[in-house]
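Q: According to TrEMBL, the record shows the following:
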| type | residues | note |
| --- | --- | --- |
| TRANSMEM | 37-55 | transmembrane segment |
| TRANSMEM | 67-84 | transmembrane segment |
| DOMAIN | 137-275 | domain 'Palmitoyltransferase DHHC' |
| TRANSMEM | 183-208 | transmembrane segment |
| TRANSMEM | 237-266 | transmembrane segment |
| REGION | 319-342 | region 'Disordered' |
| REGION | 356-385 | region 'Disordered' |
Amino acid sequence: MSVMVARKKVVRKWEKLPGRNTFCCDGRIMMARQKGIFYLTLFLILGTCALFFAFECRYLAVQLSPAIPVFAAVLFLFAMATLLRTSFSDPGVIPRALPDEAAFIEMEIEATNGTVPQGQRPPPRIKNFQINNQIVKLKYCYTCKIFRPPRASHCSICDNCVERFDHHCPWVGNCVGKRNYRYFYLFILSLSLLTIYIFTFNIVYVALKEEKLGWCAWGSDTAGLGLFPGCSQSLTLLTVLEVLICFFTLWSVVGLTGFHTFLVALNQTTNEDIKGSWTGKNRVQNPYSHGNIVKNCCEVLCGPLPPSVLDRRGILQQEESTTQEESCPRGTSAQEPTVAQGPVTAVFSLQVPVPSLSNAEMPEEKQLTSGELPVPSQDAGQAEH
């Protein structure tokens, strides 16, 4: 018996999404493909904080206050949480147009622009949109086949249009857009505070050690607790290493935080600031600014967070047909096939055997008994003569 089994394979939408993103945990985590610098960010933060908690924090907790490591732990956990939230979330990717939608947009553009003579360059695909009495141009994306919403832009690294695109940050391994900008800002703000905190208390640690023991007596003590004899020289080198990392990180991270604080106060993006969208020759005012720093900060950092429009974990069903050969067991009629177990749809193709005529069912003139030879008929004998 031949059995045709149609199995339904569950495919998630994130497996078929275009663009250059990587997904983990069944589509719950979304990142860019280039993640090397993101791993460097994790290494620098985890390494510096691990050295600080392992050595300086213990001495400072005994000599000054036990609240020092507690506050450092709070800053560290908050910085790591906002970093992972920024890196693993959808920044606001806009889905590409379906084939029918793209064809309709093309027809609409041709109807608006008319037929372009051969050899002439077609006009730019732009729509004018008015926001707060300001004309904003909506540009057409030839990759995504859509007119991008206001403030959206196409990221060349991730190959996606991102709503309220700010920039692509390799340090977090993801684009920064409408859905994760607030977490990015909170990350660099908390990282700045953590860097200043560790740098300050490293200097305090060195000053206390110098005041208590003197620079030449550092080799006789180990972090003030005497727990690791013979390791004082390595501890000194690690402290210097922490100070150097914090010193060079301080300028870049604190400067970046100040720049984005300025942008948040104006309700402006990095992409708009680089292009000079609102400070160019035309002196066009920013239509998204409320004219108030508090209102702008509340909108950017405290406004409602829109849901993702990708539906990454939506289900696409594809059928895969497989043929299986099964033999009927004894005592089972061919007309009663065994149904396969599990969530499958079975389509049976039955091959009914044709019964052969037995000796008892043959006509009387053609019945033979066992052991008899067939006797030719008289007609056959006359035909031979």
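In case you wondered, yes, glycine gets a Cβ from its N, Cα and C as well.
So where do these features actually land, and what's packed around them?
A: Using a Cβ-Cβ cut-off under 8 Å and counting only residues 6 or more beyond its ends in the same chain, the transmembrane segment (37-55) has close neighbours at 31, 69, 72-73, 76, 79-80, 83, 87, 170-173, 191, 194, 198, 201-202, 223, 235, 238-239, 241-242, 245-246, 249.
If you average pLDDT over the domain 'Palmitoyltransferase DHHC' (137-275) in this model, you get 83.
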Q: What same-chain residues lie close to the transmembrane segment (67-84): Cβ under 8 Å, and 6 or more beyond its ends?
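A: For the transmembrane segment (67-84), the sequence-distant neighbours (Cβ-Cβ under 8 Å, at least 6 residues beyond its ends) are 41-42, 45, 49, 52-53, 57-58, 60-61, 172, 183-184, 186-187, 190-191, 193-194, 197-198, 201.
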Q: Which residues of the chain, 6 or more past the ends of the transmembrane segment (183-208), have a CB below 8 A from one of its CBs?
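A: Non-local partners: 45, 48-49, 52, 56, 59-60, 63-64, 68, 71-72, 75-76, 78-79, 82-83, 85-86, 89, 166, 169, 172, 176, 239, 242-243, 246-247, 249-250, 253-254, 256-257, 260, 264, 300-301.
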Q: If we skip the immediate neighbours and take only residues 6+ beyond the ends of the transmembrane segment (237-266), which ones have a Cβ under 8 Å from one of its Cβ atoms?
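A: For the transmembrane segment (237-266), the sequence-distant neighbours (Cβ-Cβ under 8 Å, at least 6 residues beyond its ends) are 44, 48, 51-52, 55-56, 184-185, 188-189, 191-192, 195-196, 198-199, 202-203, 205-206, 273, 286, 289, 293, 296-297, 300-301.
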Q: What are the DSSP helix/strand/coil residue counts across the domain 'Palmitoyltransferase DHHC' (137-275)?
A: 80 helix, 19 strand, 40 coil
